[in-house]
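Asker: Got a structure for you, written out below as structure tokens; questions coming shortly.
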Amino acid sequence: MFVQEEKIFAGKVLRLHVCASDGAEWLEEATEDTSVEKLKERCLKHCAHGSLEDPKSVTHHKLIHAASERLLSDTKTLLEENVQDEDVLLLIKKRAPAPLPKMADVSAEEKKKQEQKAPDRDAIFRATADLPSYDMDRAVVQTNVRDFQTELRKILVSLIEVAQKLLALNPDAVELFKKANAMLDEDEDGRVDEAALRQLTEMGFPESRAVKALRLNHMSVPQAMEWLIEHAEDPTIDTPLPGPALQGEAGAEAAPAAAAGTSAEGEEDRDELTEIFKKIRRKREFRADARAVVSLMEMGFDEKEVIDALRVSNNQQSAACEWLLGDRRPSPEELDKGIDPDSPLFQAILDNPVVQLGLTNPKTLLAFEDMLESPLNSTQWMNDPETGPVMLQISRIFQTLNRT
């Protein structure tokens, strides 16, 4: 009996489930050595998709292995593509590439884009040429959104007056003001600007000398550095400042004054309160940076103008120069003006219980005075357990009213 060789060595017959894109399903049998292209031709004959005489009909279709989502290569066999018995294959027609747009279509698309483009400045002027003009004061519009730091100074000026009156009504007013004065002395003797101290120590100056220089020069780094250089050979440079002794003398002077205050009439008490309060204000008087004064005067500005500029700009030389060359706003006189007592903002601040309680504390008065003359110290008072809640309430009330 004669048997053909190809039948003897024929591959394993696979039964494959084929699904077409139109939803048709059928079973195809093929050997393992059947090429993917041959199987695809048989599938196309089954579903009668076009004429196989058109070569595009075959090349525009692909077989996909459903389980692995692999695209089967036409040049490989089913065995090489690892197609197993009972596998599911998808017969998919490739999408035809989009035709290139015609020149007329391109022009229409560009025209549409130009129409949707935002108008330029000239187009806006042409479109609004016939509209009536309105004169709007830009300065008024800008001041509607108030800056907290600018308004805070006015608030502090007014709150200092209120705190002074409240403390004066207290039976122990004299002692309270003396306490505030003593706290001010302690604050001036004991506080050192950490950032300024770090700058000097990084330059190589000993910490004890740097602290002494900063206290003698009102925490000004340039002036403290000049003092350290000038007194480097001074044998008393390491002698500590007599802070405690001065405090003791101040206390000794305050004792007879206190005794007199308790025995005198109310008028004398008010006079003593006034003197103590003036003493507190004198300790917080503005001291211009001498180096900045010289630098700005060398530019041709008058000394009084320079001091006013440095006061307005908190001793910042560059900001003071801009103030002198600009419209000089705010003016030095405006720095001493308080907020309108009838304004909703000030009334809301005074109605706050936390602020009311804080105004009876001498330390709050001290904090207000300090921030009034040294705005950079506001962070210190914000972190203080006694004055921090008061400052927080003032800030919250301002932000709330400013938004509304």
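Along the chain as shown, residues are numbered 1 onward.
Note that Cβ sites are derived from N, Cα and C of the backbone, with glycine treated the same way.
All TrEMBL annotations are machine predictions without curation.
The feature compositional bias 'Basic and acidic residues' is assigned by TrEMBL to 108-121. Residues or ranges marked as compositional bias 'Low complexity' in TrEMBL: 244-264. Taken from TrEMBL, the feature domain 'UBA' applies to 191-231, 287-327. What TrEMBL lists as region 'Disordered' is 101-121, 237-270.
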Asker: Per DSSP, what is the residue tally for the domain 'UBA' (287-327) in helix, strand and coil?
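Answerer: Looking at the domain 'UBA' (287-327) with DSSP, the answer is 27 helix, 0 strand, 14 coil.
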Asker: Mean pLDDT over the domain 'UBA' (287-327): what is the value?
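Answerer: On average, pLDDT over the domain 'UBA' (287-327) sits at 84.
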Asker: Within the domain 'UBA' (191-231), how many residues are helix, strand or coil going by DSSP?
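Answerer: Result for the domain 'UBA' (191-231), in helix, strand, coil order: 29 helix, 0 strand, 12 coil.
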